[in-house]
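Okay, structure first, notes after.
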């Protein structure tokens, strides 16, 4: 059994690869750079970097009706543009600057689940959040 490397070193903290149905390409977050990377053979270097309006982008998932939902440093951003150019902060989960979102996903009912962590690794400082889309702009 073999695993194959498919990119050069293109991210600082690459996580959470997800297939993007609208483009037929793989996307993943460069978490601490606040961006999303989309693999695209036609692009220079074989990938495109899509900026997120936050210094952290920890999770990205496609929306059923198009666009994206992204966990930002302290909240959730949504948008309809496939290039993420219209991402808008929909929900602030907390205001504590020592906490950031870390990882997450969607359940079969479409709810967005996000785990958090302390920048200082303080035990008991983090939590798990669930968002059902209410409060969307």
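Heads up, the Cβ atoms here are built off N, Cα and C, so glycines get one too.
As recorded in TrEMBL:
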- 15: divalent metal cation binding site (BINDING)
- 100, 102, 120: substrate binding site (BINDING)
- 14-134: domain 'SMP-30/Gluconolactonase/LRE-like region' (DOMAIN)
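The two recorded residues, residue 120 (substrate binding site) and the residue listed as 'divalent metal cation binding site', show a Cα separation of 20 Å. It is 100 that, of the binding-site residues 15, 100, 102, 120, has its Cβ surrounded by the most other Cβ atoms within 10 Å.
Between the farthest pair of Cα atoms in the substrate binding residues (100, 102, 120), the distance is 13 Å. In this structure, the C-alpha atom of residue 100 (substrate binding site) lies 15 angstrom from that of residue 15 (divalent metal cation binding site). Look at residue 120 (substrate binding site): DSSP puts it in coil. The record gives 100, 102, 120 for substrate. Within 8 Å of the mean position of their Cβ atoms, the other Cβ atoms in that chain belong to 98, 99, 101, 116, 117, 118, 119, 121, 126. Averaged across the domain 'SMP-30/Gluconolactonase/LRE-like region' (14-134), the predicted model reaches a pLDDT of 95. Taking CA atoms as the reference points, residue 15 (divalent metal cation binding site) and residue 102 (substrate binding site) are 10 Å apart.
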